[in-house]
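Participant: Straight from TrEMBL, here's the annotation block:
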type	residues	note
DOMAIN	B:152-264	domain 'EIPR1-like beta-propeller'
REPEAT	B:102-144	repeat 'WD'
REPEAT	B:145-187	repeat 'WD'
REPEAT	B:188-230	repeat 'WD'
REPEAT	B:232-274	repeat 'WD'
Amino acid sequence: MEKAIGRQRVLLQHLHPSSGSDDHPTLSTSICAAGDSAAYQRSSCFGDDVVIVAACRTAICKSKRGGFKDTHPEDLLAPVLKALLDKTKLNPSEVGDIVVGTVLAPGSQRAIECRMAAFYAGFPETVPLRTVNRQCSSGLQAVADIAASIKAGFYDIGIAAGMESMTVNSVGRIVPVNPRAEMFAQARDCLLPMGMTSEIVAQRYGVTRQEQDQAAVESHRRAAAATAAGKFKEEIIPVTTKIVDPKSGEEKQVTISVDDGVRPDTSMSVLAKLKPAFKKDGSTTAGNASQVSDGAGAVLLMRKDVAMQKGFPILGVFRSFAAVGVDPAVMGIGPAVAIPAAVKAAGLQIDDIDLFEINEAFASQFVYCCKKLELDPSKVNVNGGAIALGHPLGATGARSVSTLLNEMKRRGKDCRFGVISMCIGSGMGAAAVFERGDVVDQLSNVRRIQSNNLLSKDAM
Amino acid sequence: MPVFKTPFNGYAVRFSPFYEGRLLVATSQNFGILGNGRLHVLEIDPASGALAELRSFETADGIYDCAWSESHDSLAVAAVADGSVKLWDASLPPAANPVRSLHEHSREVHSVDWNPVRRDSFLSASWDDSVKLWTLDRQSSVRTFREHSYCVYAVAWSPRHADVFASASGDRTARVWDVRDPRSTLVLPAHDHEILSCDWNKYDECSLATASVDKSVRVWDVRAPRAPIANLAGHGYAVRKVKFSPHRENILLSCSYDMTVCMWDYRAEDALIARYDHHTEFVVGVDMSVLVEGLLASTGWDELVYVWQHGTDPRAMP
């Protein structure tokens, strides 16, 4: 073994001359991972991959006070559905199904409202629609459902969407009607307010108020920077709606195209003044929890060969999805379990992932999940998260897809895999792996092996 | 022109001085870093023009260089990475080979060269910083030349003087030696970087070429070693091997880590005559046939051996 390292050193010297001043090195030796557990080679030959060709969202606005406070829920959904058609010039009758993630509204009523929204967006009566409710990950579940149906061969083109108007449907306390819940600890924990589960996470896993406030400051800072840099312009669809002045009752036409929850001036000292919202001596405050918001998002998925035939750009490839269950009392730890499951299902390792969108339901659970998975903070929520942008429950999953894929596009082809994950009320977690789709490796994927001494593991 | 696929990565190729179209190819597994070695004896089939294997010999470590005997038409010597120098008889089956295994170097042997004048001796250069002189009739080396302070990558006999040879080393010097003298007769600080190869001009006994990690090939007059006669720039990375033409005084052939083989006329103002980019990996070995003018051979880490006529496309199939 020593001999091999010695030989390698001698040969590397030929490429890495140690002396000499005039020439600037144009070649750097990189470590070849061929044969190791490197991520599989990018190839353009898999026509049955499910790909994302378009993703967009509305601005996310504060409920009851923000830009969509007087907007009907279906008027949030219709613009994003229509935007997908406008962007791609896809014939709407070719869409096989529309699945909408939505959480708080009564199921049947919301399903009908969504169906109406599809008509407003210009879909013909022949295109079906359904809703899905997996609480906070409903939007992501809609994407996964569409991807699964395309894989199953039910249809080739589908739309996954998500929407929530927390102005119209607010989070209410569930009153247990069945006394049986009192005898069953886990069932009882399902009824805990989400804020309480955040307090339990903070306490059980030792996440301090300081850490939580720090995460909130970072979220606002990044979101403000992204907004200022115009990073969201590509994904946000301007929505023209009305807004009623609360004092004069005057109705006014406005176009909403900017997230209004971001506070660039958020600082540790400001957050430190806030009182705990759920427990007297707790650490979860209005400042380090996700905002209550209105918004919608939509994603157009199809088989890769169909996309190529139609000449659509391939934003990303849907690689895997996993939903997992955790203890309802600490529902926030969901991503810490779901992400490894989804990454494994994609045949990857956490190190292979270049970008994460992890929903910041509460800073406590977000900080815990990042710590538990040992994620590099520079890869997670690089454009801020729900603490700054807001968390319209049903829409968040679909919103994250457009944010993630647009950021991956900006980062170039070295940013290859992205993960979206969120925790789910009543103790679950969901995660999905996306791969950028516009890059095909020429020969093989060469990646850095940090610990290895330049040799393929196969040679040891 | 003929192509031959070797199972291991190519390290050196040599035309036979006795048979047209017979070649010796040294190869090493895993780029010579770890694994076995194999010495191939190849021949161009005169009828079909295809390159076929006559024999191959296995070693337990990589083979970095090889040379045909100048005295016996089937004898060859190989530089093995385990520090040994092995003699092979291509007319004998693998079971009877190697006919001799000489183990004196403490590190990888990187180059061997057979004396073309006296024809009874050969040299080996090793990463243990020494050069050793061997004769066929003795089991141990005749002489050891220790002066270089880093790996000796190449050694080349003078084609005119039976006792003179040159060595090229990673200590950034090339040295000229007389085997009767234990010390070198000339130290040539030829480049500012490691020197990987050297060769003598076949028509001018004072002219020596060196190839270096600094991407250049330089031609020197050993009587006036202060400045090179020619500086040939054109390779993109370290130049791994350089050879003077056996037929033309001004012609040189070189191969490089930039995956190309270049032919030069060092006296011409526009020195680069031809650039062949048929390899897809580092080109490590080149040779020019003594018997057929313009017949070239190359091998590299892409595990391919090419034989072609200068001026034709090496990849063109016969």
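Numbers run from 1 along the shown chain.
Positions of Cβ are set from backbone N, Cα and C atoms, glycine also.
Quick caveat, the model's predicted, so the values are computed rather than measured.
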Participant: For the repeat 'WD' (B:188-230), what's the model's average pLDDT?
Facilitator: 93
Participant: So which residues does the repeat 'WD' (B:188-230) touch in its own chain, when a touch means Cβ under 8 Å and the partner is 6 or more beyond its ends?
Facilitator: 150-151, 153-161, 166-176, 236-246, 249, 252, 254, 256, 258, 264, 266-267, 271
Participant: Please list the DSSP helix, strand and coil residue counts for the domain 'EIPR1-like beta-propeller' (B:152-264).
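Facilitator: The breakdown for the domain 'EIPR1-like beta-propeller' (B:152-264) reads 0 helix, 58 strand, 55 coil.
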Participant: Based on DSSP, tally up the residues of the repeat 'WD' (B:102-144) by helix, strand and coil.
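Facilitator: Breakdown, helix to coil: 0 helix, 22 strand, 21 coil.
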